[in-house]
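Asks: So that we are looking at the same thing, I have put the structure below in structure tokens.
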Ligand SMILES: Cc1cc2nc3c(=O)[nH]c(=O)nc-3n(C[C@H](O)[C@H](O)[C@H](O)COP(=O)(O)OP(=O)(O)OC[C@H]3O[C@@H](n4cnc5c(N)ncnc54)[C@H](O)[C@@H]3O)c2cc1C
Ligand code: FES
């Protein structure tokens, strides 16, 4: 069930350079949340009529909280970062299909690949896969050490491979180069990725020739979030601009979606 409810900010914290975590309290269809689902957040300022899509990084049906992690890219996210504890924001959700959890069982080898703002949905996914008994490896990339976040969450779920473009922490280079340096990438049953288009294309190039199932979560621009405006359409093998990321995604079969 989709709801549009007011939530109160109960925590707002800067995690890394220009990266914030906000925890919101309110009524929600918590049972309907899967890793990879997102919400459309309405800022409490009439200048911002369009809601902003943000992935659910964590949620707690007992405490009635959802956690969002966001990077300041424009005025909307900057305004969100300035909202104090106690402020009310409106949340539409849960939205999207979420990551497929088919073919995962105790001992299944899974790889999560993320960069920048693609990490929040992977945090919830890593936790759920760990609870299912999977062997979780996560490869993440950041521009530089001051932008790193999520280390504790990913390490709690399994092995973390970390890269920075400038080599200030971990492997020096991007996530693609990091994966290329590993000898074990063929062992994974499933790969799940979220991040910039270049990262998703790299995952396609690397894993399409293998047996690994590929799930890509897209973060294109959105306006309505509910399939009404067609601002978010992408192409799949079945046709041209034929799928709405907001309703039929944001997670797609990596062998079908055309980036
Ligand atoms: C399903 C989904 C889940 C998302 N989850 C997260 C998340 O968990 N954390 C997070 O930080 N961001 C996430 N995003 C991206 C987030 O929605 C945008 O960063 C946000 O809407 C920007 O709002 P703004 O007002 O700050 O920027 P705007 O003023 O709208 O834009 C500022 C600049 O950022 C660019 N930009 C805006 N949106 C995007 C985008 N989606 N991708 C690439 N460039 C963009 C614009 O082209 C412009 O150059 C998600 C997007 C989608 C579609
Ligand atoms: S954002 Fe309007 S159709 Fe997807």
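Positions of Cβ are set from backbone N, Cα and C atoms, glycine also.
Fair warning: this is a prediction, and the values are worked out from it, not measured in the lab.
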Asks: Please identify which of 194, 246 is recorded by TrEMBL as part of the [2Fe-2S] cluster site containing 224, 229, 232.
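Replies: TrEMBL lists 224, 229, 232 binding [2Fe-2S] cluster, and from 194, 246 it also lists 246.
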Asks: Can you give me the residues near the recorded FAD site, meaning same chain, not 69, 70, 71 themselves, Cβ no more than 8 Å from the center of the site's Cβ atoms?
Replies: 19, 20, 21, 54, 68, 72, 77, 117, 120
Asks: If we count other C-beta atoms within 10 Å, could you say which of the binding-site residues 69, 224, 246 has the fewest?
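Replies: Each of the binding-site residues 69, 224, 246 was scored by Cβ atoms within 10 Å; lowest is 224.
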Asks: Over the span of the domain 'FAD-binding FR-type' (2-101), how high is the average pLDDT in this prediction?
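Replies: For the domain 'FAD-binding FR-type' (2-101), the model's average pLDDT rounds to 97.
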Asks: Among 70, 71, 224, 229, 232, 246, the binding-site residues in the record, which have a C-beta under 6 A from ligand 1?
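Replies: Those binding-site residues that pass the cut-off, since their Cβ is under 6 Å from ligand 1, are 70, 71.
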Asks: 229, 232: which of these binding-site residues has the highest Cβ count within 10 Å of its own Cβ?
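Replies: Compared across 229, 232, the most Cβ atoms within 10 Å surround 232.
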